[in-house]
Amino acid sequence: MVLLRVLILLLSWAAGMGGQYGNPLNKYIRHYEGLSYNVDSLHQKHQRAKRAVSHEDQFLRLDFHAHGRHFNLRMKRDTSLFSDEFKVETSNKVLDYDTSHIYTGHIYGEEGSFSHGSVIDGRFEGFIQTRGGTFYVEPAERYIKDRTLPFHSVIYHEDDINYPHKYGPQGGCADHSVFERMRKYQMTGVEEVTQIPQEEHAANGPELLRKKRTTSAEKNTCQLYIQTDHLFFKYYGTREAVIAQISSHVKAIDTIYQTTDFSGIRNISFMVKRIRINTTADEKDPTNPFRFPNIGVEKFLELNSEQNHDDYCLAYVFTDRDFDDGVLGLAWVGAPSGSSGGICEKSKLYSDGKKKSLNTGIITVQNYGSHVPPKVSHITFAHEVGHNFGSPHDSGTECTPGESKNLGQKENGNYIMYARATSGDKLNNNKFSLCSIRNISQVLEKKRNNCFVESGQPICGNGMVEQGEECDCGYSDQCKDECCFDANQPEGRKCKLKPGKQCSPSQGPCCTAQCAFKSKSEKCRDDSDCAREGICNGFTALCPASDPKPNFTDCNRHTQVCINGQCAGSICEKYGLEECTCASSDGKDDKELCHVCCMKKMDPSTCASTGSVQWSRHFSGRTITLQPGSPCNDFRGYCDVFMRCRLVDADGPLARLKKAIFSPELYENIAEWIVAHWWAVLLMGIALIMLMAGFIKICSVHTPSSNPKLPPPKPLPGTLKRRRPPQPIQQPQRQRPRESYQMGHMRR
């Protein structure tokens, strides 16, 4: 009982540490909101954009309100992620696949914003980068199986992702012993003479080196071959959803690598050249190397490496498997010389007599029985590709500031290539350290000319103001404003402002059709629960950031409060309380299970509904209810639209028994008990050995042996002997000759 109280206090303290989170989605996502915009309308817009001829119709607009702010997304089909020769391969055919459901864009009028995702069946899924951080949008049924929900999608902020970054010995990456085995294996590759690039011969010395740098200046794109196994397809369900997940991962790492300066090598990008999708129909296909359900992470990487990937910069396999020790990914580490592996590596013979391509890696989206949030998977992908690019794990005080005793450095966190997974919310978590940059720069200088290709530059005429452009109103038959030169103009003029014009409406909502900045009093953004309306400042076309409303302003229909401009805090915090969960085990009425409940800090015994007499001085008897779809009754059910807690037991008793037996927490508790009571384990071990020795000693003298030199076995004392009843004496009969008996028997 004491242990139970301590556990409750610890859980309450953990809730207090993240007190602003009041609507958890699962054990990794502490707060979310539902989205219920019109999917039919968005689907129709997508169909129009897909076959659009006019410039205006090529854009897909999506407006919704969530987390105390307004999202006005303006997106266009993303063609930068797929090469001109892009193919999708299935078990029986190769397709020229339509990727028109993949979009990229921004929040209209918000400088520095960015969005990427897909539109499938009228629903947007992807991520949205804003000034206040990144939001992730996913289908609701991926987390909540109740189909009567009043919303179809969920949206959550990156700060609400609570990923336990100490899982596994290396927190998502294989341990040192695995990498050491891989390193030794990489050293055994047999180099073919024809594979040595001509420019590596130093016959012409510095002159050749200068020429190499010049010719490779635009070769900055790594082309990918990505396969997905049948388990990955089974989780996401459709071919479109699988391709959307791949594009989301590639876009995420593309953003990280493009913004990193690798010692003068800039704008490193990624492009998908080919995708192989193994569907559930390939689960028993003997030609599918990934068909077996129980494959270790090293073997899984080896199966990928046994294929020939000479046509690609890197080749990855995405899966939905729960690998041992919490491993989320594994990849071969590249090197500038001396060993095989990493980017641009060609298939060659190794010490085990097999030809392999070591420009490979693998990624899984499952960890300890649960699916990780997209952000965690994106960072894992960036980490493993970092290995391919030549970076080992960060080490030393310079490159592991998160381990520093200096609080200022520690606050910034560790970098991408840190040995253990990072929480993702620190300044350095999405950056490469100086150690990684030095290592990657050496590999890029040596190898990128072997397989990298030229990337597409910003496109004048796509309606988006990109780097090097002043404005972008489209081509001559599309451009409707008088402020910007269209894309049909000669170089030096196209996508530039016309003389004497201050701005173009393509730059943002604070520019008039007369090419002048709007006055300071004009509104460019509606106010939201937690932010005031946006007002033009009179000297830029972009809509300035809105001022946040005071902290603890009610938002989200008075169920939450504003914190620093975000609708993220619980209404309980407004009165110095903490949010708690009303559970039936505490004697709460069934009607209270879907109420917002509050308690005094660190005192779970005071947990009560906002409509209770206990908190009437704060809420005046007003009952605040949870949103439909919110977890209730201590995560044993979900609130329906009638504010009733519907219990969910989708797994059944057998699945619960399996989870109880194979739960990692069970074995962690056993391991902790063994460490704490090692002496008891030692005594039990000695007792077991003595018991076995005594058993063998006692029973060995009664055990018969075929060895004639050993004494005969002793009879067991007190053994009961069975008495046979007397048999009648029979007269002996004359036996037939053996030969006739055998022949007669054979004839029968």
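Note: Cβ is positioned from N, Cα and C throughout, glycine not excepted.
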When you check Swiss-Prot, which of Cys530, Cys594, Cys597, Cys598 turns out to share a disulphide bond with Cys562? Cys530
Candidates are Thr214, Thr287, Thr625, Thr719; I want to know which one Swiss-Prot annotates as phosphothreonine. Thr719
Could you check which of 420-427, 500-507, 604-611, 708-715 is flagged in Swiss-Prot as motif 'SH3-binding'? 708-715
Where the distance is taken from Cα to Cα, which of the glycosylation sites Asn267, Asn278, Asn551 turns out closest to Asn439 (N-linked glycosylation site)? Asn267
For Asn278 (N-linked glycosylation site) and Asn267 (N-linked glycosylation site), what Cα-Cα distance in Å is obtained after rounding to a whole number? 32
Cα-Cα distance linking Asn267 (N-linked glycosylation site) and Asn551 (N-linked glycosylation site), given in Å to the nearest integer: 40
List the same-chain residues at least 6 positions away in sequence whose Cβ sits under 8 Å from the Cβ of Asn267 (N-linked glycosylation site), in sequence order, or say none. Asn220, Gln258, Ser455
